[in-house]
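Okay, structure first, notes after.
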């Protein structure tokens, strides 16, 4: 347990240090904001799985929350990018920022652990069969990218795009749950199904949500500025 406690301290200290002396301001769901959430999500997965390796039980569900947050931010980012650039350079960006780092790390890992074989790596490279226990996520997110691309390519109406996206992921959820559930980790992928499209929906309604949050903040400021709870009861004290 002491090793896990030290690891916990180390991980979250390093995460918080990333915010020290940062000149950029974080706005709601901008690039810096979502990058910070993604970083936090990755650390929760590392933390939970490290705990499992150190025989610390009852925290593994947190890794699922981290994966869900990461997928939500991914869906959000893709939709924001689509609104600015449509599908221009879509696969090039995914290849350079997601696939190439994964292929490189996977190759080094297989070589270091002595489990490398050409067949294993090629299957993993093509996302047909994972060479490692965590490889399922890459196959999953690449399929998310593919569904997003096809929906945006074939359907032009934004409302229909959102409906088609949720409909496709719902069908995928049913198929995954009924026919493709992993007996060792049942519903590993199925329980994440709505995270990616939820992120897309969040981006579609970004400005509506921002207006609502701004209005709520203004109301809190106004009500907080003109009245405050009395320290001696439920009466309010007027602040001129």
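Note that the numbers count up from 1, one per residue, in the order the chain is shown.
Quick reminder: no glycine exception, Cβ is built from N, Cα and C everywhere.
Annotated domain 'Acyltransferase 3' per TrEMBL: 36-222, in sequence order. For 59-78, 98-122, 134-151, 163-181, the entry in TrEMBL reads transmembrane segment.
Within its own chain, the transmembrane segment (163-181) has Cβ neighbours under 8 Å at 143, 147-148, 151, 155, 187, 189-190, 193-194, 196-197, 200-201, counting only residues six or more beyond its boundaries. The average pLDDT computed over the domain 'Acyltransferase 3' (36-222) stands at 89.
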